[in-house]
Amino acid sequence: MAAPNCTLTLAQLLGPNVTNSGAAASFICDQFSTTTTNFSDTKFAVDTVYLLFSAYLVFSMQLGFAMLCAGSVRAKNTMNIMLTNVLDAAAGGLFYYLFGFAFAFGSPSNAFIGRHFFGLKSIPSATPTPTDYSFFLYQWAFAIAAAGITSGSIAERTQFVAYLIYSSVLTGFVYPVVSHWFWSPDGWASPSRSNGNLLFGTGVIDFAGSGVVHMVGGIAGLWGALIEGPRIGRFEKTGRSVALRGHSATLVVLGTFMLWFGWYGFNPGSFTKILVPYGVGDFYGQWSAVGRTAVTTTLAGCTAALTTLFGKRILSGHWNVTDVCNGLLGGFAAITSGCSVVEPWAAVICGFVAALVLISLNKLAEKVKFDDPLEAAQLHGGCGAWGIIFTALFATKEYVNEVYGGEIGRPHGLFMGGGGKLLAAHLIQILVITGWVSITMGPLFFGLHKLKLLRISPADEMAGMDMTRHGGFAYVYHDEDESSANGVQMRRIEPRDTSPIGN
């Protein structure tokens, strides 16, 4: 039904000389109303499809994590690490559904933690912030990414029950609280806080989660690896470091490319909407910002990969594909915070420094005898922290105002003329994430350690977790139809020279 004011106004404009002007006005206004509704529905449908597609891309990163982890561990632990990646997604899905999403985005709430939408009750919701199932799915994919980061740090020596416990706590409580602080409209440090009371007048600009996702996962992994201690044989009694290399560079490269692909949902997808005009020019809106974000993500990763390639060549004398893959991912982790608010040339600087941060932290880890099979704490924690600082230095005024809404005198990057308030906010973010994850996940890992639920026995570790905990190796070289307590035997068939003598 046409709005009364539209019908009345149009009838007056048509004048008394038009036969049945009221009915004509009502008909015309009804058509306008229908067209407006159709445009609104189409916009919502396009934005929802974009968000769902981005969620699928982010979820595909779980395959990337699984392949990267599998290739980075020794063959005798392949089945174990693959299973933990599957359960990160499965356990994370259940606990994020029951508690995590509510703690993260359950508005209205206080500045610390959400308190609505437990078990997705009252979803879809139009107030106070429009929330639908697609948004839950997208945020779940982020939550399990944080859990996947941590699993890499404690690989090859952790009991299976410990994986289930830490993954459930991380996705159901620890990570959601952090995401509430920085991403929810009610969060105390959100750049889009509903009451307008922004931290230092700007809030924290962590667009896709260098801090919220990568630092949380990296610091949790740091505590797990510290409390467990290094793998047997990782460091000799003399203190010399021994490389326990993964068994498949092929899987590492496959996983890296899968993560690269998924990152285009991780970063550009964090806009959550695409049909948003910015009011500047005929062809410029959020759809353009989405493309720019994909470009900055790409450039940071490529620069970090090349910097790592030549940096490690100078240090070790080798061209190492695994190191290059880790460097690439470090660049991605760093640019994730500021990908939407920096120029492409700044992304090159981000990737270059991220590679140096990763190389330096890996050297430090060796000196202090810290063992992280996937360099996850250094890569995600260290490069994530650099990404937060980078954003506070290089965020441009134009892009900050477009993405987060123009505020009079809103601070932006220090090096871009925006003052130091954004940097202050971001330093606080680094401190509070480090503190929060440390006081939650640190005692959890320590408690599991005291209860003897964290680390497997030395005998099981030496034999390999696939055989001792999962009933057999991931790779079968030769099947023998024989009764055995271990089931299928794994035997490597050595090649034999069957050529005639003398040939």
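Cβ coordinates come from backbone N, Cα and C, glycine included.
The domain 'Ammonium transporter AmtB-like' feature in TrEMBL is assigned to 50-475. Restricting the average to the domain 'Ammonium transporter AmtB-like' (50-475) gives a pLDDT of 93.
Sequence-distant contacts of the transmembrane segment (50-73) (same chain, six or more residues past either end, CB-CB distance under 8 Å): 81-82, 84-86, 88-89, 134-135, 137-138, 140-142, 144-145, 148-149, 151-152, 155-156, 246-266, 268-270, 272-274, 322, 325, 373-374, 474. Look at TrEMBL and you will find 50-73 (among others) tagged as transmembrane segment.
For 94-113 (among others), the entry in TrEMBL reads transmembrane segment. Same-chain residues lying 6+ beyond the ends of the transmembrane segment (94-113) with a Cβ under 8 Å from its Cβ atoms: 119-120, 128-129, 131, 135-136, 139-140, 143-144, 168, 171-173, 175-177, 179-181, 183-188, 194.
Sequence-distant contacts of the transmembrane segment (133-154) (same chain, at least 6 residues past either end, Cβ-Cβ under 8 Å): 48, 51-52, 54-55, 58-59, 61-62, 65, 68-69, 72, 81, 84-85, 88-89, 92-93, 96-97, 100-101, 104-105, 120, 123-124, 162-163, 166-167, 170-171, 175-176, 179, 209, 212-214, 216-218, 220-222, 224-225, 228, 265-266, 269, 272, 372-374, 376-377, 380. Sequence annotations record features per position, and here TrEMBL assigns transmembrane segment to 133-154 (among others).
Within the chain carrying the transmembrane segment (161-183), a Cβ under 8 angstroms from the stretch's Cβ atoms is held by residues 84, 87-88, 91-92, 95-96, 98-105, 109, 111-114, 139, 142-144, 146-147, 150-151, 154, 189-190, 203-204, 206, 209, 211-213, 216-217, 220, 224, 429, 432-433, 436-437, 440-441, 444-445, 448, 453-454, all 6 or more beyond its ends. TrEMBL lists 161-183 (among others) with the feature transmembrane segment.
Listed as Cβ neighbours of the transmembrane segment (203-227) (distance under 8 Å, sequence separation of 6 or more from its ends, same chain) are residues 142, 145-154, 158, 166, 170, 174-175, 178-179, 182-183, 189-193, 266-267, 269-270, 293, 333-341, 370-372, 376-385, 387-388, 391-392, 395, 400, 403-404, 422, 425-426, 428-430, 433-434, 437-438, 441-442, 445-446, 449, 454. Taken from TrEMBL, the feature transmembrane segment covers 203-227 (among others).
Summarising the annotation, TrEMBL assigns transmembrane segment to 248-266 (among others).
Feature annotation from TrEMBL assigns transmembrane segment to 345-365 (among others). Tertiary neighbourhood of the transmembrane segment (345-365): same-chain residues 295-297, 299-305, 307-308, 311-312, 315, 326-327, 330-331, 333-335, 338-339, 371-372, 375, 377-379, 382-383, 386-387, 390, 394, selected by CB-CB distance under 8 Å and a gap of 6+ residues from either end.
Long-range neighbours of the transmembrane segment (377-395) within the same chain, counting only residues 6 or more positions beyond its ends whose Cβ lies under 8 Å from a Cβ of the stretch, are 149, 153, 205-207, 210-211, 213-215, 217-219, 221-222, 225, 326, 329-331, 333-338, 341-343, 346, 349-350, 353-354, 357-358, 361-362, 365, 370, 412-416, 418, 422-423, 425-427, 429-430. Residues or ranges marked as transmembrane segment in TrEMBL: 377-395 (among others).
Annotated transmembrane segment per TrEMBL: 423-446 (among others), in sequence order. Tertiary neighbourhood of the transmembrane segment (423-446): same-chain residues 162, 165-166, 169-170, 173-174, 177-178, 181-182, 189, 199-200, 202-206, 211-212, 215-216, 219-220, 223-224, 227-228, 385, 388-389, 391-393, 414, 454, selected by CB-CB distance under 8 Å and a gap of 6+ residues from either end.
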